[in-house]
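Asker: Copying in the features that TrEMBL gives for the protein in this structure:
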BINDING   T190  FAD binding site
BINDING   R294, G321  D-dopa binding site
DOMAIN    18-336  domain 'FAD dependent oxidoreductase'
TRANSMEM  15-35  transmembrane segment
Amino acid sequence: MSGPPYMPWFNQGKMAQITIVGAGIVGMATASMLSHHHKVTVVARNLPGDKPSIEWASPWAGVSFIAGGCSSPAEAKMQLDAFAELWRWSDVYPESSIKKIPIEDFHDDKTEEDIWWKDYMPEFRFLPPESLPKGAKLGTAYKSLILNPDIFLPWLRQRLEGTGVQFKRMTLTSLSEARSLGHDVLINATGFGSLTLNDVRDQSVELIRGQTMLVKSNYDKLFMRDTGDTYTYVIPRLDGTAVLGGTRHKGSVDPNPDLDLCQDIVNRVNKNLPSHFSNNLQDYQIVRHNVGIRPSRVNGIRVEREVKDGQKIVHAYGVAGGGYIFSFGIARAARDLVEGYLFPHHPAKL
Ligand SMILES: Cc1cc2nc3c(=O)[nH]c(=O)nc-3n(C[C@H](O)[C@H](O)[C@H](O)COP(=O)(O)OP(=O)(O)OC[C@H]3O[C@@H](n4cnc5c(N)ncnc54)[C@H](O)[C@@H]3O)c2cc1C
């Protein structure tokens, strides 16, 4: 028997109500995907426009798009989806701060076969061995993207509010506490909040402290060197400043910058780019220290449905050091799961 597709919300002329817990890049990108067809409310303890705080990760990011670092083909797809959307936005919304930029990315522990993104990144090429920094085994170059979260997050919030998305400040101790909001589906985009929410308590969530320095610099190319043990980068903001990093420390949540780590960062940056960056901290005009906690997860990103206490939930967290790199990709995957709840008998979902 044929008939109209099963779309109860559309057929009744009303939109489904979606609550997103979390206003970091994952929650915001997901709101952007869902707000075309649904009524979306974002609730969070920390909101774009707030002063950066150690309580969330998104304001502290570089931000650069450096491909790789996926634990599954599904994650690789999310990266590519996000890249395509951010690339498009860099053309359509220059005020978002997203800019195209050339990148040189060096590896000490990879071969050409490991570089799965070589067929996808614009203008991708392997660099000749004689141009590699000492010790590096492989060099790649392509066209990538940067953005400034101080501009991007408030801009995206404003854009979403313009399309009817509501933002509410709210701190939850459990997801079930949100049931009174009366939504059809709840999205859990709380980052490392998923470690402490009473009815999530995901023990595979790991806190990875990162520290960078925003300094005055006119350097205009993205630089990345991954030795396997350490990774060193320069992310130009193309506004007379650049972010120097990086560090990865498990477990520590100290919000104060460690000056020994600053010295370690400039030593490594100087070693790789001696004609552009000094190894003497005194030579730098430091605009800001950034210390944030990356919401990592031992088993990789969680994008999953769960019905708990009668509440339809889509989990979307665990993006570690790649919240922006996965952004619209994880958002698209979450949107598909929402649609699966709303239209369970639609042929595409069978
Ligand atoms: C130094 C540094 C550099 C980085 N550089 C990059 C980069 O170049 N590129 C890149 O892609 N990524 C980078 N990252 C990683 C990136 O910042 C994170 O992956 C990303 O911000 C995670 O986003 P999220 O939305 O999952 O979580 P968050 O940004 O942490 O947002 C979580 C949201 O949930 C809310 N929340 C949590 N618990 C509760 C609760 N109980 N009740 C209500 N609300 C709650 C918070 O208030 C917040 O709104 C960097 C990170 C650091 C620290």
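Backbone N, Cα and C atoms are what each Cβ position is placed from, and that goes for glycine too.
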Asker: State the residues, same chain only, that lie 6 or more residues beyond the ends of the transmembrane segment (15-35) and have a CB under 8 A from a CB inside it; answer 'none' if no residue qualifies.
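Answerer: Same-chain contacts beyond the ends: 9, 41-44, 46-48, 56-58, 61, 82, 149, 153, 156-157, 159-160, 163-165, 167, 172, 175, 178, 181-191, 193, 316-317, 319, 323-324, 326-328, 330-332, 334-335, 338, 342.
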Asker: What three-state class does DSSP give R294 (D-dopa binding site)?
Answerer: strand
Asker: How many whole Å apart are the CA atoms of R294 (D-dopa binding site) and T190 (FAD binding site)?
Answerer: 12
Asker: Helix, strand or coil at T190 (FAD binding site), per DSSP?
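Answerer: Note: T190 (FAD binding site) is coil by DSSP, not helix or strand.
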Asker: Count the other Cβ atoms sitting within 10 Å of the Cβ of the residue listed as 'FAD binding site', across every protein chain shown.
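Answerer: Cβ-Cβ neighbours of the residue listed as 'FAD binding site' within 10 Å number 28.
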Asker: Sort out the sequence-distant neighbours of G321 (D-dopa binding site) for me: same chain, 6+ apart, CB within less than 8 Å of its CB, listed by position.
Answerer: G69, I208, G210, R248, R294, S296
Asker: Taking 10 A as the limit, how many CB atoms besides its own sit near the CB of R294 (D-dopa binding site)?
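Answerer: If we count other Cβ atoms within 10 Å of R294 (D-dopa binding site), we arrive at 21.
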Asker: Could you find out if DSSP has G321 (D-dopa binding site) as helix, strand or coil?
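Answerer: SS state of G321 (D-dopa binding site) = helix.
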Asker: Given the model, what does the mean pLDDT over the domain 'FAD dependent oxidoreductase' (18-336) come out as?
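Answerer: Here the predicted model's pLDDT, averaged over the domain 'FAD dependent oxidoreductase' (18-336), is 96.
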